[in-house]
Amino acid sequence: MSLRLLKLVLRVGKILAVAPSYHDIKNQTFPSKIYGCLMASLLTFGVGVSVGFRAADYAKFFTMKLIVQVLLDGTLYVLNIYSILKIPYKKFHWNKLIKSIQKFDKNNKVKEKSKYGSFVLANAVFFCYQLYMTCLLSRTIGIKFYKQFAIEYLQLYDQFVINFLLYVFLTMLITRQKCLRLKFETQIAKNSTLVQFDTIKHDVCLLKEISEIINDIFGWPLFLTIAFTTLQMIMYLQLLAIIPYLQLPYLICLASVILWQCVSTLINIFLCDVASNQGKKILTVAHTLEKYLPNENPHMYQFIMVVEDSIPHFSAARFFQVGRNTICGIFNVVITFLIVMIQFKMNEKVTSRLERCKNGSVDNM
């Protein structure tokens with residue numbers, strides 16, 4: 001990924017008030033803050049109206065399903081509000097992040113393709129599945145669908161832009177880690193005794209700084225996105241389990257929503273793991289110096305310690321470390337909650353039948 005693609009995504013994020021534009025990173029203007037507050041107010045009003053129209057349907061849900069649905073709606077709302085009111089105004093973090101990337105690129109020959117196609121393709125997939133779902137459900141529910149879910153178009157696109165922005169930064173970090181590892185390996189291959197410790201150490205520290213700032217900016221959005229994805233999988237899989245003979249168009253609709261949300265979230269989780277793994281690979285290359293330099297070499301020992309401390313570790317708002325094990329954790333939670341929800345549904349059905357039978361016997365008496 002390149003800085004040109006980053007500028008494009010930031011420009012879209014600026015329109016949605018979930019990110020600063022590339023040129024506004026140094027100076028956050030007063031009008032941009034007013035714009036952010038207006039977007040947050042619009043979103044809050046829209047969600048309030050939407051919940052008002054959904055209330056009658058929510059009242060029909062069994063208890064466990066209602067709890068999960070409320071958590072799902074609440075998580076998406078908090079993600080949007082946090083993104084609008086916090087992410088664009090982390091001026092120090094944004095400024096430092098861009099400067100660190102530019103410094104690293106100045107010291108190294110980083111070859112990147114703009115890859116605008118990835119952003120265009122992701123947008124096309126998003127709008128295609130949203131259009132399909134809109135056409136299907138609007139024919140079934142009618143105008144009621146727009147009253148209940150119109151605001152979600154904005155909410156879900158905000159989430160998409162935030163996810164893609166994180167994807168761009170993680171990809172840029174991984175590209176620079178690979179570039180540094182190649183540069184390091186080349187220096188060792190040429191002459192292991194003349195490795196430029198200070199230059200490599202400076203680049204390693206820049207990469208550590210980049211990863212930490214990404215974590216600071218996107219920690220909460222990543223946590224909320226993982227929570228939202230988990231809850232959405234529970235809700236939609238529960239529908240598939242309870243309604244065994246679902247018509248094909250609705251089955252495609254549910255599958256597309258689950259697939260989109262899972263893929264967009266799991267890709268970023270996977271990239272966090274790849275970035276950590278790349279850091280370990282750089283450390284492995286650093287340890288090869290022990291074969292060529294004496295162990296008592298103070299520069300080598302200090303250098304290896306710096307590289308080891310610079311391995312990136314990503315966390316979801318400091319609640320848990322993000323890696324491949326997070327994917328297993330998500331599916332574990334989904335399966336557990338799904339079993340509990342189905343049991344709740346069956347118990348409520350049995351209870352209602354017993355009450356009807358009891359009332360019928362009382363009437364006969």
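Including glycine, each Cβ sits where the backbone N, Cα and C put it.
Listed in TrEMBL for this protein:
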SIGNAL    1-17  signal peptide
TRANSMEM  34-54  transmembrane segment
TRANSMEM  66-85  transmembrane segment
TRANSMEM  116-133  transmembrane segment
TRANSMEM  153-174  transmembrane segment
TRANSMEM  217-243  transmembrane segment
TRANSMEM  249-271  transmembrane segment
TRANSMEM  326-344  transmembrane segment
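Here the transmembrane segment (153-174) has Cβ contacts under 8 Å with residues 1-2, 5-6, 9-10, 12-13, 16, 18-19, 43, 46-47, 76-77, 79-80, 83-84, 87, 97, 101, 112, 119, 122, 126, 130, 207, 210-211, 214, 218, 221-222, 225, 228, 264-265, 267-268, 271-272, 274-275, 278, 312 of the same chain, all six or more residues outside its ends.
Only residues 6 or more beyond the boundaries of the transmembrane segment (326-344), in the same chain, are considered here, and those with a CB under 8 A from a CB of the stretch are 62-65, 68, 226, 229-230, 233-234, 237-238, 241-242, 266, 269-270, 316, 320. Across 34-54, 66-85, 116-133, 249-271, stretch 66-85 shows the highest tally of CB pairs under 8 A with the transmembrane segment (217-243).
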